[in-house]
């Protein structure tokens, strides 16, 4: 599977190393979007009169959680319930899933992102400390082990997930035998409402990396929650430390919504449903997201320029923001990352091997691949995702902030 296809690129852009084809989904960059995100009905550049904009808080204002107004429970309990009730599934079960390759592809994206910044930190220190903010069941433990870090703090709002993460870590240590494994600490906490620095075993701990994968958007229910999560992510970073993560692209979500005839969009893999169109408040812009059998919870739109502005409060500077498509095209040129893509089974072989079926039964899901096969210019099998999976994964972006001295 030497040839890799992205349905969003042009058929004519084929070469002997990586083949990409044009797919039915037309990607539109954020600058093409004219849809307005608003604050109480106002454009971002024009905050409502006689109301204090949350982005203009003075640096000296009290930040202690005890001095903040009490927040309602919000949607956090729904998120906790959902993730606590997700069953543990083995590899055999996962491999039969409609989104087996999609999940592996997203996992590969995280691996490439984490690996990139672990190497950046390693240039200045070998004792790397990491905060995994929204660790879930510990899906990134092997990535941190591969990165050779020294210390990991895992935290999540779902207590069952944290316990499963800790069990995975213990199992990892048992199987490692004489091989050194990083120290780990596990915390159950709502990082949108609780100050993590009051909970660490070492009250003076500093981190080189904070990783927040597919989680930060839950905090955009209110300004206070988004700010608290950002504080937890950034306040204990060393100068030169990084806050990295993945999150849905607000511009892409709004673009697809506005192109839809209803308040929802998606396909047989994922669906997104908003309450209404037209106005998208900076905080509390809720939508319901479902992804096959994995996710079915309320989420909140993230207007990325607001996140960039808020991060300045914690001396954080955005060093890059890339769509999944942009990041994929960059990393797949690297032979090591390309091999990892294959090992992780992040792309589906096309055509399917004898006695095997493609994950999608719809022929239109593979039109992009079939066109290239018919051209006879590539070595088979090709590596790709179905059209439906490409559409699902292309709603995301990756980001990286650096702590300024």
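Placed from the backbone N, Cα and C atoms, the Cβ positions cover glycine too.
Listed features, source Swiss-Prot:
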COMPBIAS  9-18  compositional bias 'Polar residues'
COMPBIAS  36-45  compositional bias 'Polar residues'
COMPBIAS  58-75  compositional bias 'Basic and acidic residues'
DOMAIN    97-404  domain 'mRNA cap 0 methyltransferase'
BINDING   110, 134, 156, 190, 213, 218  S-adenosyl-L-methionine binding site
SITE      137  site 'mRNA cap binding'
SITE      143  site 'mRNA cap binding'
SITE      168  site 'mRNA cap binding'
SITE      217  site 'mRNA cap binding'
SITE      299  site 'mRNA cap binding'
SITE      396  site 'mRNA cap binding'
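What Swiss-Prot annotates, mapped onto the structure for a quick look.
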| residue | record | DSSP class |
| --- | --- | --- |
| 110 | S-adenosyl-L-methionine binding site | helix |
| 134 | S-adenosyl-L-methionine binding site | coil |
| 143 | site 'mRNA cap binding' | helix |
| 168 | site 'mRNA cap binding' | helix |
| 190 | S-adenosyl-L-methionine binding site | coil |
| 213 | S-adenosyl-L-methionine binding site | strand |
| 218 | S-adenosyl-L-methionine binding site | helix |
| 299 | site 'mRNA cap binding' | strand |
Inset, instruction - Kindly state the mean pLDDT of the domain 'mRNA cap 0 methyltransferase' (97-404) in the predicted structure. - result: 96
Legend entry - Residues satisfying Cβ distance under 8 Å from residue 217 (site 'mRNA cap binding'), sequence separation of at least 6: 247, 248, 299, 300, 301, 302
Legend entry - Among 137, 143, 168, 396, which are recorded as recorded sites, the nearest neighbour of residue 156 (S-adenosyl-L-methionine binding site) by Cα: 137
Inset, instruction - Count the Cβ atoms, other than its own, that fall within 10 Å of the Cβ of residue 299 (site 'mRNA cap binding'), considering every protein chain shown. - result: 22
Legend entry - Distance, residue 396 (site 'mRNA cap binding') to residue 218 (S-adenosyl-L-methionine binding site) (CA atoms, angstrom): 14
Legend entry - Residue among recorded sites 137, 143, 168, 396 with Cα closest to the Cα of residue 110 (S-adenosyl-L-methionine binding site): 143
Legend entry - Spatial neighbour of residue 168 (site 'mRNA cap binding') that is closest, considering only the binding-site residues 134, 190, 213 and their CA atoms: 134
Inset, instruction - Please work out which residue of 218, 396 has the most C-beta neighbours within 10 angstroms of its C-beta, and give that one of the recorded positions. - result: 218
Legend entry - Minimum Cα separation from residue 396 (site 'mRNA cap binding'), reported as the residue among recorded positions 134, 137, 190 that achieves it: 134
Legend entry - Binding residues 110, 134, 156, 190, 213, 218 (S-adenosyl-L-methionine) - maximum C-alpha distance in whole Å: 23
Inset, instruction - Work out how many Å separate residue 143 (site 'mRNA cap binding') and residue 134 (S-adenosyl-L-methionine binding site) at their Cα atoms, rounded off. - result: 15
Inset, instruction - Take the Cβ of residue 213 (S-adenosyl-L-methionine binding site) and count every other Cβ within 10 Å, whichever protein chain it belongs to. - result: 24
Inset, instruction - Count the other Cβ atoms sitting within 10 Å of the Cβ of residue 168 (site 'mRNA cap binding'), across every protein chain shown. - result: 19
Legend entry - Around the Cβ of residue 143 (site 'mRNA cap binding'), the count of other Cβ atoms that are within 10 Å: 21
